[in-house]
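Contents: one structure, followed by commentary.
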Amino acid sequence: MSSIKIECVVSETYKIGESPVWEEKEGTLLFVDITGQKVCRWDPSTKKVQSVSVEAPIGSVALRKSGGYVLAMGNTFSALNWEDQSVTTLARVDEDKPNNRFNDGKVDPEGRFLAGTMSQEIRPAVVERNQGSLFTLYPDHSVVKHFDMVDISNGLDWSLDHKTLYYIDSLSFKVDALDYDMKTGKSSNRRTLYKLQQDEGIPDGMCIDAEGKLWVACYNGGRVIRIDPETGKQIQTVKLPIDKTTSCCFGGPDYSEMYVTSACDGMDEDWKKRQPQSGGIYKITGLGVKGIAPTAFAG
């Protein structure tokens, strides 16, 4: 097996870095700073980060087929025009829950944008329970709710045959699997795939590799773990030099690099001194596996 190398490629510290997405056309990495209320784009060739500020906490960003990006921010699905930095609301959710905000999201293989909500954090990973839901934004901008009673809606991705949705509600400390109808975008038969061990931390963002295995970033666990959905077993752990790992995606010219976002929110001065690059973006190479290109929102 090739030797694994971990490096901090963006040392600017973000409060809650999240939602990394590789944009192949530009050769750049998109990500958000949730409470910093920014959409960011890092160019590996220049090592520079460009960012656009938005007016609400932003949980996730995705590519959009017609250009620009689609966002799950505040209680809205919105579109971002990167060139003029304008944001347009496409749909609203949870209007009866003013304390809720969107969190993680991802586009399914048919071009629908799924994202979930949670109540605003009292402090990191502490929320009013059962306030969140998982939603789909369809290309015609209609919205459907999959289920509610969620604590912190988080990582999601699809099996390589597109028949299974993998999903994380962080405070359940589990990775779940659901049957997924790719024709309709409906999900059913939710079940537990993997329960995290105590030392692994809180399951956060997630992505799938080209071998159909899941990679889960573990908040406060300082690691990404690889899970085999066939057996429900954890088969690999990659530890990072920071505790607050938040999400992961594959990228680079051939999708052989893994990018991991992190947070520094809630860390005291002593903790920050010990881990000064918390809130940075990390690149992991030498994993010996490649990822899958992200799908763009079709609407």
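Including glycine, each Cβ sits where the backbone N, Cα and C put it.
Asn154 (divalent metal cation binding site) is surrounded by 32 other CB atoms, counting those within 10 A of its CB over all protein chains shown. Per Swiss-Prot, divalent metal cation binding site is recorded for Glu18, Asn154, Asp204.
Annotation comment: Swiss-Prot describes Arg101, Asn103, Glu121 as substrate binding site. DSSP gives Glu121 (substrate binding site) a coil state; it is part of no helix or strand. Around Glu121 (substrate binding site), the same-chain residues at least 6 positions away in sequence with a Cβ under 8 Å from its Cβ are Val127.
There are 29 other CB atoms within 10 A of the CB of Asp204 (divalent metal cation binding site), with all protein chains counted. Look at Swiss-Prot and you will find Asp204 tagged as active site, proton donor/acceptor, backed by similarity to another entry.
Counting in whole angstrom, Asn154 (divalent metal cation binding site) lies 6 from Asn103 (substrate binding site) by their C-alpha atoms. The Cβ centroid of Glu18, Asn154, Asp204 marks the divalent metal cation site; residues of that chain outside this set whose Cβ lies within 8 Å of it are Ser19, Asn103, Asp104, Ile152, Gly155, Ile168, Ser170, Gly205, Ala217, Tyr219, Thr246, Ser247, given in sequence order. Least packed by the Cβ count within 10 Å, out of the binding-site residues Glu18, Arg101, Asn103, is Arg101. Each residue contributes its Cα atom, and for Asn103 (substrate binding site) and Glu18 (divalent metal cation binding site) these two points are 9 Å apart. Taking the mean position of the Cβ atoms of Arg101, Asn103, Glu121 as the substrate site, the remaining residues of that chain whose Cβ falls within 8 Å of it are Ile34, Pro57, Gly59, Asn100, Phe102, Thr117, Met118, Ser119, Gln120, Val127, Ile152.
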